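First up is the structure itself, then whatever we jot down about it.
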Amino acid sequence: MPPKKAPAQEKKALLGRPSNNLKIGIVGLPNVGKSSFFNALSNTGQSWISIPQRCPIDLGKAANFPYATINPEEARIMVPDARFDWLCDLYKPASKVPAALTCIDIAGLTAGASTGAGLGNAFLSHVRAVDGIFQVVRAFDDAEVIHVEGDVNPLRDMEIIQTELRLKDIEWVEKALENLKKSGRSLGSNSLADKAKKEEIAITERILAVLTEEGRDVRKAEWNNKEIDVVNGLMLLTAKPVTYLVNLSERDFVRKKNKWLPKIKGWIDENNPGDPLIPFSVALEERLAPLEGQEKKDEETKAGAESALPKIITAGYKSLELIRYFTCGPDEVRAWTIRNGTKAPQAAGVIHSDFENKFVCGEIMSYEDLKEHGSEAAVKAAGKLRQQGKPYVMIDGDIAYWKAGQ
């Protein structure tokens, strides 16, 4: 008797919305450089900018007073990718469409935001609407730029933001748990619906325990797929991935030295281990943003440091569990954004729903194979062009040609 096949391993669910069109919000206390950072991002000559109609003010209003930004601003920023540039050089297409990251500039948070202080309620609703967080932390001294807390102390600022996000999550989870228990008072049968409701209550109680008893952000706990479904339904602030951006003076950034950096890293390692930390200088980025090509390289050489924006954009894209595959030809080279773990039919569906609904197969080659062999014909001759069916899980950098039925 042949041995039984091992059961297929369940695909690990991801925290967050099941979408390829994810957004990252720029978060921090007032006057830490959020709007100036957003302006530098959206002024690189590599962005498509969308300004909400309800907000008739300048893009990314930066000013030396709290709450200069009230309504969120939005920009789509090109994700730098040497592979995309190489493919464009190879195919010389009429149209070039790189991957993009949507960034939102959100109003500054202050202590007490979870109870409505400052622009607290509006701020937290805007954070809830994004999928990841760029947390800008101020580590530069400048008497001309006021600090809402009176002095520069990044550790205190990070504690304020973490506390306010957790407090709001606790409020939302307690409310959800209360509603679940009210609707579940009559649960007594062994029906599947009653069992599912009881399980949801137990999972919600565990989420509350992580936030209160364990004192951890939701994203730092281990969850199974059923639990992740409940977490995602609650749209919690501390479930969103965070990339810490430490805003230094230009001098400190160039010399790679600042008294706060080791302390900030220590705080992250203790409170949110694994979250990325990227030092940068808004002052330098503002000067570099309008420049292009050789002029920008000359200015970076003169300054003694390169722009950190490519690293920041790439880190934000990766934090959202986003990858891209390419379609290539003389008409267009395009990067298509999908979530990590996406199967071939769903990846094809990003281009058009018919490609998913009538999926036959995909002809796939890796970027590395194409670069090694130099042409599609050479990749095919080397036996590296593969036909992949519905179970195939896309890999970052795949080059795909889809076949769909009529």
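Every residue, even glycine, has its Cβ placed from backbone N, Cα and C.
Remember, TrEMBL labels are computer predictions, not curated facts.
For GLY33 (ATP binding site), the number of other Cβ atoms no farther than 10 Å from its own Cβ, over all displayed protein chains, is 27. The annotation ATP binding site is assigned in TrEMBL to ASN31, VAL32, GLY33, LYS34, SER35, SER36, LEU248.
Per TrEMBL, the feature domain 'OBG-type G' maps to 22-300.
Residues or ranges marked as domain 'TGS' in TrEMBL: 321-404.
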Original post:
Counting each residue once, how many in the domain 'TGS' (321-404) are helix, strand and coil under DSSP?
Top reply: 24 helix, 34 strand, 26 coil
Original post:
Which value in Å gives the longest Cα to Cα span across the ATP site residues ASN31, VAL32, GLY33, LYS34, SER35, SER36, LEU248 as recorded?
Top reply: 15
